[in-house]
Amino acid sequence: MNQWMELADRVLAGAEVTDEEALSILHCPDEDILLLMHGAFHIRKHFYGKKVKLNMIMNAKSGLCPENCGYCSQSAISKAPIESYRMVNKETLLEGAKRAHDLNIGTYCIVASGRGPSNREVDQVVDAVQEIKETYGLKICACLGLLKPEQAKRLKDAGVDRYNHNLNTSQRNHSNITTSHTYDDRVNTVEIAKESGLSPCSGAIIGMKETKQDVIDIAKSLKALDADSIPVNFLHAIDGTPLEGVNELNPLYCLKVLALFRFINPSKEIRISGGREVNLRTLQPLGLYAANSIFVGDYLTTAGQEETEDHKMLSDLGFEVESVEEMKASLSAKS
């Protein structure tokens, strides 16, 4: 038995990954990558079998953000030529939900730029979500920025299932990425979502000049936060942002990162998110031996892979898509 299978068995028995073991995952020799992914899949299969959860993003409000996040094309300091618009209307949100349903995508993610939502924007999301739930029954994830307790309660009461607010990087590295809000602001929003009964979703962006220890720290911080769903983004450096031209990643390292997140957060939904196409490239399929969830279609301001290609990839791997009906049954069992 190789060392990664031994570690996987210890994790399944309840052991926690030490920093030394975590570093050994990130330093795994490239020629041993299949052994590492075998260990990660041993854990993934225990909790999720061969099922893959599909998610789709609706960019409900673009640009116009006062924050100074260095990776983001929508920030106040970005010079990237993106389309900016205020919150889309209800019909547009419903059209996106229909498209997700028709493509057998179980989770519909409503994302809005900005520091946090106005009460009017929450009203708009609430109004649309109620009809989406009645018509399509999709799992709804909202990502609207820093959240107030009363806003979280309104979203939960309307039928929103999950709230996403990423920690993005380690506490130590946070001020290198943004200074317009604190790391604790982000943690607080996830806690507010949890306290309201929303399923907490929080993840990371890898490739922002962080150290390997930073990667380990963010994976362990998300474990401590008890995020149900963990999106792992890989930086897609956009021209016009402070991180323009940064390209520190390669496909094999990205696989090691995904394996690390699975070993540290064994039972959680690990989602391969933004930047997978440009960073994992031809090794995208291998990522699903650690992760059990992906975004399908376009991201916020960057293009994704064609939906048909994603379905083909999953079929070729022998994995099974969690259908909309299975997702509905799962939600009913939890309620």
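One is the number of the first residue shown, and numbering goes on along the chain from there.
Yeah, the Cβs are placed from backbone N, Cα and C, and that goes for glycine too.
If you check Swiss-Prot, you get these features:
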DOMAIN    47-276  domain 'Radical SAM core'
BINDING   Cys65, Cys69, Cys72  [4Fe-4S] cluster binding site
BINDING   Cys109, Cys141, Cys201, Arg271  [2Fe-2S] cluster binding site
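In three-state terms derived from DSSP, Cys109 ([2Fe-2S] cluster binding site) belongs to an extended strand segment. For the pair Arg271 ([2Fe-2S] cluster binding site) and Cys65 ([4Fe-4S] cluster binding site), the Cα-Cα distance reads 25 Å.
Per-residue pLDDT, averaged across the domain 'Radical SAM core' (47-276), gives 94.
Highlighted in sequence order, Asn55, Thr107, Cys143, Arg162, Asn164, Ser229, Pro231 have their Cβ within 8 Å of the centre of the Cβ atoms of Cys109, Cys141, Cys201, Arg271, the residues recorded for [2Fe-2S] cluster, and are not part of that set. Long-range C-beta contacts of Cys109 ([2Fe-2S] cluster binding site), restricted to its own chain and to partners at least six residues apart, with a cutoff below 8 Å, comprise Asn55, Met56, Ile57, Met58, Ile140, Cys141, Ala142, Cys143, Asn164, Phe295. Neighbour counts of Cβ atoms within 10 Å were taken for the binding-site residues Cys69, Cys72, Cys201, Arg271; the minimum is at Cys69. There are 23 other Cβ atoms within 10 Å of the Cβ belonging to Cys141 ([2Fe-2S] cluster binding site). Other Cβ atoms within 10 Å of the Cβ of Cys65 ([4Fe-4S] cluster binding site) number 22 in total over all chains.
Cys65 ([4Fe-4S] cluster binding site) and Cys201 ([2Fe-2S] cluster binding site) have their C-alpha atoms 21 Å apart, to the nearest angstrom.
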